[in-house]
Amino acid sequence: MKRYFVTGTDTDCGKTFVTNQLVNYFSSSAAIKPIASGCEYSKNQLVNSDALLHQQQNHLPLEIINPWRFRLPVSPHLSAREDGASIDVHKVADYCLNLQLNDIKKLFIEGAGGLMVPLNEQDTWLDFLKLTRIPVILVVGMKLGCINHTLLTQEVLEINKIKCQGWIANCLDQDMLMLDENISTLEAKLKYPLLARTNYGGKISDICLSSL
């Protein structure tokens, strides 16, 4: 089973939407979101809305999709602390590397926030990737400032020798000035391919998804 880690340029760049689009596009694929904050109680358990969206597609138990759940809608390390818990990045890494799902050929692992979001007082998603070496798919929320955020993310990945399989342009605002020019600028400056583009909540447009 191939595994990909879906990260983004920042919070609310559209990781969950794009991840679901990837699952729709590829047969025999599934998605999980191992860590989520901002969960609410429903039927005596904490539930995350992003994890529920994945469940609607995967039909997997929430315990498999989202084993680490916390209440407050803040950074995972703070939300876990408020719940009297802590996140062990080694356990998260082991879970994502060893999870086996019948008939699934591609597993998309959605992170929480961006690459440098703290999971505890010492570790970030970058440390998770150093442990697992799972290749990254970078979701770029196309908005003012995204070029800077994207190039900074690329630099961190390169310095730490983390493989990036490619990036996806998630077009958030149909009124964004010079959208196509921004995408072209990123294509010229990034060292990995543009895999696909999504337009304002529409279906994913394949550009180079066959490389996955």
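Cβ atoms are placed via backbone N, Cα and C, with glycine included.
What Swiss-Prot records for Asp12, Cys13, Gly14, Lys15, Thr16, Phe17, Asp50, Glu110, Gly111, Ala112, Gly113, Asn170, Cys171 is ATP binding site. Here Swiss-Prot flags Thr16, Asp50, Glu110 as Mg(2+) binding site. The annotation active site is assigned in Swiss-Prot to Lys33 on the grounds of sequence analysis. Summarising the annotation, Swiss-Prot assigns substrate binding site to Ser37 and lists sequence analysis as the type of evidence.
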Binding-site residues (Asp12, Asp50, Glu110), the one with most neighbouring Cβ atoms at 10 Å: Glu110
Distance, the residue listed as 'substrate binding site' to Thr16 (ATP binding site) (CA atoms, angstrom): 14
Long-range Cβ environment of Lys33 (active site), under 8 Å and at least 6 residues apart: Thr16, Asn48, Asp50, Ala51, His54, Ile65, Asn66, Ile109, Glu110, Gly111, Ala112
Spatial neighbours, same chain, of Gly14 (ATP binding site) - Cβ under 8 Å, 6+ residues apart: Gly8, Val139, Gly141, Asn170, Leu172, Thr198
Rounded Cα-Cα span from Cys171 (ATP binding site) to the residue listed as 'substrate binding site', Å: 25
Neighbour tally for Thr16 (ATP binding site), based on other Cβ positions within 10 Å of its Cβ: 22
Number of Cβ atoms other than its own within 10 Å, given for Gly111 (ATP binding site): 24
Other CB atoms within 10 A, centred on Ser37 (substrate binding site): 24
